[in-house]
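Database features (TrEMBL):
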- 409: active site, phosphocysteine intermediate (ACT_SITE)
- 345, 346, 409, 410, 411, 412, 413, 414, 415: substrate binding site (BINDING)
- 251-269: compositional bias 'Polar residues' (COMPBIAS)
- 681-693: compositional bias 'Low complexity' (COMPBIAS)
- 753-765: compositional bias 'Low complexity' (COMPBIAS)
- 136-640: domain 'Myotubularin phosphatase' (DOMAIN)
- 249-276: region 'Disordered' (REGION)
- 677-696: region 'Disordered' (REGION)
- 702-726: region 'Disordered' (REGION)
- 744-774: region 'Disordered' (REGION)
């Protein structure tokens, strides 16, 4: 590849190690070339060439770039300090400030100055012959995948049908052209139902279980608003999804299999349910039978524990409700329960990852291990726990409790994709194979419209590039030292993060949630507040499952790590767009290569040698379901370029100490039945309590939980403040919501709260905090 600029005598610092070499700047990569043996001297003989190591950094991989000039006449070296999205940290010291400035400007021009993704490397990349022969764009065929699940226009009706209502993407421009919906629901019903879901993202099928035919459907949030609007067509659609296999007039339903798909207590492969997991299942399954006006018992779906999963914390859903969106009015969905999870939004996740970077900020100039206290304070592992816990709830409901699940968050393309895909990995061993995982990513992430361009920020942003002041001109960074420039670079990062919370004149950044404004969906410019490591978290969660079950995955850790790398390398066209429609409009399959070409032509490199396919054979008695051991979540140390001990030494030591403690008190007995008001989050004695539950609320039709009286209506705000009335409604009406009833997951047998929650007991929230809460 032709170099546009070649700079000699550059000092590179990686992990506290110094190398001297040549920096080559091409149109799409920064390449640092240095002799492997730094002590070797050129022999002068042309036939003897030094072995050179090349480090390639694609420009879109950069997320922070700080240039530090020095005053004229200074003996100190100007430098460029980089942080990459694959957690590579590097500093380049130059011999001349002007040359360093030219390099900085060139790098900037090849990132945030491009203006369109069509100028990225994917549109110029010429793959090798063995990659071209793979045909990665055709690996995923939705007809073939749903045929594998038992749904096809040529197969017997299983209660689901293929609809072509979105073949031209006019029904929903962020949904795939190929949709599967209940057979009982006509396209006309869909047209009316779409008006009730954000972005027209109606409930659609993603997965049907091969044993009990229970399903995962997914959607966006309903547009219920503060008046709690309803939509008969949406109610019919959700009801039909939960009753797709029931013959007309059925009073009782029997799952196709009378036994759970797996016996957790008897399997050496599966962990025993912790107190937290038992608490979750008990809370979800506890119900009062529902009867119609004639006294006949009503049974909906496979069991009475069919779920609508709202991935957001309860209060976040309420903030959305004030904005005209919100969550389902369960009086209209009496055939299901609704649970709220405490999975935080994109802003919290972005901040959490930034804090991880704070703990690694000197990884270029220092060989020291990361700051474990800062790692802990980042909360990253807690967020990984929450996503895995929520996914495990869904997997247990389907694979063990024979129930249907509908998942949504706000727009249904972030947390919804995480939960749906991870639950399927837990349920179906096909998705633990290389081909199956590719199909899963294509189906639940790419076709269902996860906004990869919006969340990844492929075109970077000018505020991620900065020129530092020369306050440290009298000192030079050396390997293993930190004379303050590390703190200066941290100030740069902090300034960039403050940018996320300022610039209110920019309407994109004034967004009150991760719900993207319409123009941002089509706009190619990076909006820093919309960037978030959503797909990164999914891969991290998959890594946790792989780490805990090494024989049950065909792909290895490097497969996941390289996939994250190519999310940001922009070498392939797979992840450059926000939707299936955008990919087709850009003719990505014709003009770029698929990332799956890269992986499938190097299968041996990404195959797990410990994989045992026979464990999950489709044979009676063989376990299929796989659940995470939440107490064993660890840092993905390979991703951060660190050793197991550097990242997880403290966690492993604490786990070993806890094991010793449990051994010492092994004779202590615990009740086998969970009390109705038990909350493992406050328990310190149970040996299997584990981390706190992600489940923060359960809600059913009002008659089921609280037959005495309805909740006090929300008081409308009397505030005269312009512009902030929506958030004043929450402040003025929060007490009327009576959050202690049916919302926070602590119930007695009649649905009353174990302890009521008053507005006075919660910390006051400002309007700005509320704007960041969905």
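Just so you know, the numbers here start at 1 and follow the chain as drawn.
Cβ coordinates are placed from backbone N, Cα and C, and glycine is handled just like the others.
Feature map: TrEMBL annotations on the structure.
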residue : record                                    : Cβ within 10 Å
345     : substrate binding site                    : 22
409     : active site, phosphocysteine intermediate : 32
411     : substrate binding site                    : 25
413     : substrate binding site                    : 28
415     : substrate binding site                    : 29
Report the mean pLDDT of the predicted model across the domain 'Myotubularin phosphatase' (136-640), rounded to a whole number. 84
What span in Å does the substrate site cover, taken as the longest CA to CA distance among 345, 346, 409, 410, 411, 412, 413, 414, 415? 13
